[in-house]
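> As listed in TrEMBL for this protein:
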| type | residues | note |
| --- | --- | --- |
| DOMAIN | 29-275 | domain 'BAR' |
| REGION | 277-316 | region 'Disordered' |
| COMPBIAS | 281-303 | compositional bias 'Low complexity' |
| COMPBIAS | 304-316 | compositional bias 'Polar residues' |
| DOMAIN | 323-384 | domain 'SH3' |
Amino acid sequence: MNINLPNFNVKNLVKEAGSTISRVVQLTEEKLGTTERTEYDLHFQNLAERADVTKTWTEKIVRDTESVLIPNPQNRVEDFIFEKIEKSKPKRLSNLEHLALDMIEAGGDFGQDMPYGQALIKVGQAEQKVGQCEHDFIATSGICFTQPLRKFLDGEMKTISKERGILETKRLDLDACKNRVKKARSMLGQQSKDGISPEAVLEQAERDLRVAQAEFDRQSEITKLLLDGISTSQASHLRHLHAFIQTQVRYYKQCGDVMDQLQRDLANLGGPTPYAPLDLNDASKSNSAGGASAGHRGAGNNNTSSGHGQKPNQSIPMHVNVDQMQRARVLCSYDAKDHTELNLSANEVIFVTECSPVNEDYMYGKQGLMKGLVPRAFVEMLDEEQEVPL
């Protein structure tokens with residue numbers, strides 16, 4: 001029976017074992033402070049420190065980004081396993097898409113001809129679109145940002161760590177050779193041991209030192225070149241970061257467009273309690289206007305006649321300062337004629353301010369979180385002079 005055994009080189013094994021023992025002894029003596037060690041130059045130390053910082057923060061950024069994109073840790077682990085075995089990731093519905101399906105199903109059961117059922121279906125369909133936008137955002141962000149950064153960690157950073165480990169081994173060998181040279185020099189003038197003269201021992205030790213120094217210098221240059229490449233990698237990471245931000249901007253823009261369309265659809269449904277669209281653009285403009293609102297109101301007073309007997313044109317944005325509203329009491333109940341108006345109940349207190357341009361028949365009102373037009377004849381100002389902060 002023939003058995004093929006590995007061809008071990010005993011001499012190499014003994015040599016490697018001796019080198020390993022020598023490194024362990026050298027490292028132990030360095031930890032105890034009983035021997036000197038070769039220090040890396042300042043430039044190399046700065047490069048190494050920058051590489052360590054880059055690795056640490058890149059790992060954190062990748063981990064945090066993946067947590068944002070896929071909040072469920074179990075799903076992240078599952079995706080990681082499928083990626084390692086090179087199989088396609090499972091398609092799963094997000095919480096938003098589950099909500100959308102339930103809303104659509106509930107709207108069908110409540111009745112598609114009923115206001116609440118119609119609204120549920122509209123909202124569910126919009127949430128489905130947002131969910132699809134979310135899927136596209138997650139996939140694109142992985143391609144343009146997290147995957148390149150993870151590839152950098154698994155490729156360049158692992159190579160740098162490997163070469164730095166080899167350099168540290170060469171450094172330990174170099175210091176061990178230096179110690180052997182010192183010991184051999186201290187033995188000069190003494191009797192030969194084991195038939196080898198102290199001069200021969202010193203000559204061999206110096207020869208080993210020259211070899212160790214050359215290997216250390218060569219490995220040091222290789223490692224420096226790799227560490228210098230970190231700057232190029234960071235420039236590449238900056239491009240990936242820009243791509244990630246562009247992906248985010250497109251995602252939020254798509255979501256905003258879907259919500260704007262949903263507001264229009266809900267407003268067109270009408271019903272007993274029509275939806276009043278929230279115009280974030282007008283709100284931001286009014287907040288940024290600040291003290292300039294007085295100028296708008298003054299200009300509007302000169303053109304009051306243009307608004308007599310007509311509701312403000314909703315195609316023209318109204319500029320109102322919601323920070324300077326006044327309290328008003330509703331004289332009698334009022335049912336909104338369309339989505340631009342508020343439903344009013346008798347004796348309730350709301351906040352109102354003038355439209356810009358000023359309109360003779362309508363004011364701009366705030367009722368809790370709801371905002372819209374209020375007929376001027378249905379309200380009575382409670383404090384004409386005092387401004388109430390909201």
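Glycine is treated like the rest: Cβ placed from N, Cα and C.
Annotations in TrEMBL come from automatic prediction, not curation.
Explain the structural surroundings of these features, please.
If you average pLDDT over the domain 'BAR' (29-275) in this model, you get 89.
Helix, strand and coil residue tallies for the domain 'SH3' (323-384), in that order: 5 helix, 29 strand, 28 coil [DSSP].
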